[in-house]
């Protein structure tokens, strides 16, 4: 397929060239001389190596036609670059008629018949010249089939071996020559040539061998012969034969059969074997037992050398060496016998070693083994003896043993006789000598004992030296000391023929009447010779023993104390002592004791009482002769029941919360006393791991953390084997004060004395620990105090309306943190209604259940009347009311409006009466609107880079209100805004510049729209030690011209506003009942110099969940579109609150001023404030501390006569009680401010 496309491409090129030539070339005409085109140089046959470059030459004289090359009949074209043949190129020199064909990196594909063709031209026939190009390819590889290069081939001797050598990819086929080493083999192999690919040939040469032992280690190789291979770099494959054949017979070197060896001679006998593959394994045997000996191999020579030192056991030993390998049918063997000459190592003499004069003694001499046998001769005291006998016998261990006997008669010429035995090996001329000594026995003289005279009296503790000596005797006698037949160790001294010894004694009681004996003896006598001395020693008693009867002493019995003195010579005198004072004893007695002394005994009787416990009694034994004494003491151990110390502390005081340890001490015998603690009859645990606060630990009671309940009487019981004892102790707990109760629910008539009570729990508690306070109140002239029954009383004379308020009762007894509590003084007064925005303006959507709350300060309890259009509202399906008492001063009445309709909007009147008067107010109820501007902006904590801002909210428009702060540093053009976290009425701005001047303001917004910003607060932050300063300002100062212009415009707007108000009132009267809620179509608002652009309300609602929990942050660029988190539309709820009976459930809420504390109590599932049925989404808010500036509205102008400063409101009762119109309690949840 590839050739087809090449041909097609080439044909297209030919056509193109032909057309071009026809249009542009003028055919050369034959010269005037009539010369026609012919070859000047023609290509010739060539052989080249594969991978080399070649050039086929073609040169034409008088060229007229066109020239091209043809390969095996395929035209290569007229171009210099030949398409489809990237390695081919035509080297053309047209003016000279040169058209050479160059082939680079020749391969077998280029092996072909080439033709240089010159096309015809007018007057010039076509001419052609052929040349054969042969590509010679060397073999790519040579190998011996089945074997790796330089392999080692194992073959058994005379076994057929076939070697096949193969060369691959040669052109022409390669020749293979076989070699043994470097010598060509004269064996003719079988050769086969196969063509494996186009112009690729494989040559196979097979060689048949029968290796011999001489071929072992020989190398066989095959070499490829080819014209493409350089002769100096042959291509070979080779291997090495390993011919397996048995070894040659073993032979010895280093010892010949019959050769004589001497004992101790070092010898090495080598066993060798030549030939063998694998090498022969050589094993030595000695007397049939294999010998472990290392073997070594060098080439085909194996050697095992047996090294040993000749001794008598090697005489006649049979040695054998065996050689074998894997091809041996049986081991080859060589044998020899050893001959070893040796003299006897020793001679052994036996016979009597001592004798008396006249005795006959027989001596014997026996040699050790010898080869040849040794000859024996005797001598005594240097003189040879001839009366000996001699005989020889073979030894079981090899060699010969010689023996000889001789008889001697002992005379008195010498004290010692020495007999010598000589054993001579004549072959080796070695003589071995042994000797034997015979001693002549003589008896020693009788021993002489000195150093003590019988009858002398010695004192115990003194030193006595006894000497004993004896002369003569052979052998020298042995001298021994004995005490009462018990042998003693003492050193002896031998001088010439005299032996002596000295015995040093430290006398004690055991030496009295002791017999000391000196004894001498040697072999010449059978009965020892001895001398004795009997000692007399005075000694004192060594010990005194006191025994008590009976063993267990208890009060009320009569005990006997017995003193026994150990043996004494002469008898000892015994006496009794009590606490260092001598007392008289009874029944003194003496009886025989040890070592010839006397034992003395003295008794004493004691009447036992508890007071005698621990009393010391001493018994003394005294030897009057020696003036030495010994004594023993005893402490009376009297058993008695436990008894607590009389001075024991029985009252303990601790502080509540601190640890306390009670520790008692009881004495008793035995001292092993167990303790049990109880309180109110209940035992206290002793397990420290129980985790309890009270743990008993023997005589100690540990209270880890005192509680006031731990106060009381504790009983500790001590128990031992003799009885029990009990002790009561009192624990007093001091604790920090707690105000248990104060005066509540009580009102006082104006002009009378009021008494406020503060009941306290504390220890200690005194009148000095209690104080009353109220800022700015005249306690000195108006009040007096008293204290009784842990209750502090504050007496206030002539109470008036101005005295209403909280008095603080404070207690500090220095046992903990001081405590205080407000006590509300209620003075009966006529009703005073709360006119704050939270209780004068209300808003709700159409169709929802709404509520209006009227709050009043009054005492006694007032009654409420709701009116509209001058008429009392009756309780029916549309309206219902509920009352509750907020605290001792404040009362509330809630007007509930079911299913709010358009006609329900407007003004309502709340009338409040009690026995002292009445008051009324008007409350405005409208649809939800945008919120009012916050009432006041205040500065809280300020640092050099942060400021805390707080504000008082205005009317929220009946919906959830949100707040936005703005901040600008003096000199900046635009404000930065901060979105405040939902429900927060304060925020902290950080990362401000120290020492900078900043302007701050706040505004409110809800779903209906935005309020205006409050006037800016200007604040200069501190820097270093410089304090900050703040001032309130509307804006930066404006020029007077601008002020006049703005004032004129305001006057015009005021007139227009009056006209619009009149038009609005008329239009409102004509408004239909089905009026819809006001639209929220404000897309943006502009205040002062700031432009803050906002999304429409519908778009803002989608961002509620993202912004609801967001923390306060700064917006760096006010030009971006702000996203304000409005809450979602309220969804209807199916939940009804059961607290209002006969009321209908309505899912929406009345909206009033926000109360942050209320917001945290909202039920997330229903939207209702927990425990507050039908309450507004945002509960009322009482502005406790601040100035309320009401928004201008018709309703507020009717009821607000001036600024209202609210009174502080105490916390509501926990039960949330309300009064209804029937003076019965009905549940209505409390409002928390």
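Counting begins at 1 with the first residue displayed.
Glycine is treated like the rest: Cβ placed from N, Cα and C.
The structure displayed is predicted, hence computed values, not measured ones.
If you check TrEMBL, you get these features:
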SIGNAL    1-22  signal peptide
DOMAIN    30-134  domain 'Ig-like'
DOMAIN    139-242  domain 'Ig-like'
DOMAIN    249-339  domain 'Ig-like'
DOMAIN    344-439  domain 'Ig-like'
DOMAIN    444-536  domain 'Ig-like'
DOMAIN    541-635  domain 'Ig-like'
DOMAIN    642-732  domain 'Ig-like'
DOMAIN    737-820  domain 'Ig-like'
DOMAIN    831-926  domain 'Ig-like'
DOMAIN    933-1024  domain 'Fibronectin type-III'
TRANSMEM  1041-1066  transmembrane segment
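Residue counts for the domain 'Ig-like' (737-820) under DSSP, helix first, then strand, then coil, are 10 helix, 43 strand, 31 coil. According to DSSP, the secondary structure content of the domain 'Ig-like' (139-242) in residues is 3 helix, 62 strand, 39 coil.
Per-residue confidence over the domain 'Ig-like' (737-820) averages 92 (mean pLDDT, predicted model).
In the domain 'Ig-like' (541-635), helix, strand and coil residues by DSSP number 6 helix, 61 strand, 28 coil.
Here the domain 'Ig-like' (30-134) has, by DSSP, the following mix of helix, strand and coil residues: 6 helix, 51 strand, 48 coil. Using DSSP to sort the residues of the domain 'Fibronectin type-III' (933-1024) gives these counts of helix, strand and coil: 0 helix, 46 strand, 46 coil. Helix first, then strand, then coil: DSSP counts for the domain 'Ig-like' (344-439) stand at 0 helix, 59 strand, 37 coil.
Break the domain 'Ig-like' (831-926) down by DSSP state and the numbers are 6 helix, 59 strand, 31 coil.
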